[in-house]
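Chemist: Next up is a structure, given as structure tokens.
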Amino acid sequence: MNHLVIISVFLSSVLLLYRGESGITSSFIRSEWPAVDIPLDHHVFKVPKGYNAPQQVHITQGDYDGKAVIISWVTPDEPGSSQVHYGAVQGKYEFVAQGTYHNYTFYKYKSGFIHHCLVSDLEHDTKYYYKIESGESSREFWFVTPPHVHPDASYKFGIIGDMGQTFNSLSTLEHYMESGAQAVLFLGDLSYADRYQYNDVGVRWDSWGRFVERSTAYQPWLWSAGNHEVDYMPYMGEVTPFRNYLQRYTTPYLASKSSSPLWYAVRRASAHIIVLSSYSPFVKYTPQWHWLSEELTRVDREKTPWLIVLMHVPIYNSNEAHFMEGESMRAAFEEWFVQHKVDVIFAGHVHAYERSYRISNVRYNVSSGDRYPVPDKSAPVYITVGDGGNQEGLAGRFTEPQPDYSAFREASYGHSTLDIKNRTHAIYHWNRNDDGKKVATDEFVLHNQYWGKNIRRRKLKKHYIRSVVGGWIAT
């Protein structure tokens, strides 16, 4: 009986993705913390003990297929060592990787020494322990590599955007760390340090690095840049876009033949993840346009059935904040997204949560005389997760009436998870930060655009279908 109920819920979820059912505008109002940054003397920004001890440790994927990581950290007083000692047994570091370091200035702020170290030739699905040393100070962490790239490799991603460093941000981070997710897809707008001036800009980049280290040192965060990473401040003499961000946060862009760290792609487990830059040129014949055109042809849905795109500015958004800002990128890329049957597109920027049905504006519904998005079974689901908790507060004013394409929307802080079960199904949750409790507010079953088609489902043997669906039900 329980299995029948679960199957019924699953089928209802699938139908809702395709039918233009009336969406939900949540009336929930929570008592959030004030939208102000946490004071610098708070324990969440605590500097590690020991002279010149490594801090702001974070890792990201270091290659195309998940057999490498890039480990980054800062030593505040002097360079120290750029080596990472690592191994598969705690306390036994049989391997050593050599990194590099640099520092930079921003106005009169001078950064610490920023280290980046590529650790490669790792085994899949293995827990590694690593140690970073600086003189007599050392710190130890661990991470787990993803499974082999395989169509049925299960994997759970967290999705966070527009985070900042307020008490609401802390609530989001703490809730996320209880989710069991294995890596973060970050949708841009990290520290919000650009809301400060002069030397405080760099100081708040440092504090944010220490703030998120409790997660970023132990699992990869896949970065994308937002408008608050641009840091264009000509009144301070700083006119190089993304200067702070690019000095501190590196990406494996060369592995996907990108010419810029701001747009790139990786394969992880059963997912092919494409990261785009909303604040770099993307119109026809630009480097980003050419790269995306080529990268989409490299996607092999037989190996990585889940095609996920990250960007900062949402293409579809019914909030009054940043309304229609994503229209230029929609015009440039939406036809490709539909053609290649992208499963889901995540964005941030709008400080609220919203999920769409599968819709597109590739072919206008001209029968009504309006150019308006229409249901499209080949289109992605668009999800805005710009509710990480930053000091600008929530965007609480949605357009009325709710558009037909909008399935669910709410102005609350939170994070999402995408739990990929196999090549055909994934379970999605949006978790609201509800007064210190983890609450799953919006959830549905996402079926894969490639393997969900009948012609390809027939390629799967009947016993395989029973095993993967039965396994999903059992969980």
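Heads up, the Cβ atoms here are built off N, Cα and C, so glycines get one too.
In case it's useful when we look at the structure, here is the feature table from Swiss-Prot:
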- 1-30: signal peptide (SIGNAL)
- ASN103: N-linked glycosylation site (CARBOHYD)
- ASP162, ASP189, TYR192, HIS351: Fe cation binding site (BINDING)
- ASP189, ASN227, HIS312, HIS349: Zn(2+) binding site (BINDING)
- ASN227, HIS349, VAL350, HIS351: substrate binding site (BINDING)
- HIS322: active site, proton donor (ACT_SITE)
- ASN365: N-linked glycosylation site (CARBOHYD)
- ASN422: N-linked glycosylation site (CARBOHYD)
Chemist: Of HIS312, HIS349, ASN422, which recorded positions are close to ASP189 (Fe cation binding site), meaning a Cα within 10 Å of its Cα?
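Modeler: Hits: HIS312, HIS349.
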Chemist: Non-local Cβ contacts of HIS351 (Fe cation binding site) (under 8 Å, 6 or more apart, same chain)?
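Modeler: Residues satisfying the criterion: ASP162, ALA321, GLY386, ASP387, ASN390, GLU392, GLY393, LEU394, ALA395, ALA411.
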Chemist: I'm trying to understand the geometry here, so how far is the Cα atom of ASN103 (N-linked glycosylation site) from the Cα atom of ASN227 (Zn(2+) binding site), in Å to the nearest whole number?
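Modeler: Just about 23 Å between their Cα atoms.
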Chemist: For a quick check of understanding: among the glycosylation sites ASN103, ASN422, which residue's Cβ has the most other Cβ atoms within 10 Å?
Modeler: ASN422
Chemist: Would you mind pulling the DSSP three-state label for HIS349 (Zn(2+) binding site)?
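Modeler: In three-state terms, HIS349 (Zn(2+) binding site) counts as coil.
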Chemist: On the three-state reduction of DSSP, what should I expect for ASP189 (Fe cation binding site)?
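Modeler: Coil, per DSSP.
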Chemist: Considering only the recorded positions HIS322, HIS349, VAL350, ASN422, which residue has the minimal Cα-Cα separation from TYR192 (Fe cation binding site)?
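Modeler: Of the recorded positions HIS322, HIS349, VAL350, ASN422, HIS349 has its Cα closest to that of TYR192 (Fe cation binding site).
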Chemist: What count of other C-beta atoms do you get within 10 angstroms of the C-beta of TYR192 (Fe cation binding site), across all chains shown?
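Modeler: A 10 Å sphere around the Cβ of TYR192 (Fe cation binding site) contains 25 other Cβ atoms.
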Chemist: Which chain-mates of ASN227 (Zn(2+) binding site) that are at least 6 residues away have a CB under 8 A from its CB, listed by sequence?
Modeler: GLY188, ASP189, SER278, TYR279, HIS312, HIS349
Chemist: According to DSSP, does ASN227 (Zn(2+) binding site) sit in a helix, a strand, or coil?
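Modeler: The three-state answer is helix.
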Chemist: Report, as a single number, how many Cβ atoms besides its own are within 10 Å of the Cβ of VAL350 (substrate binding site).
Modeler: 29
Chemist: Near the Cβ of ASP162 (Fe cation binding site), how many other Cβ atoms are there if near means within 10 Å?
Modeler: 31
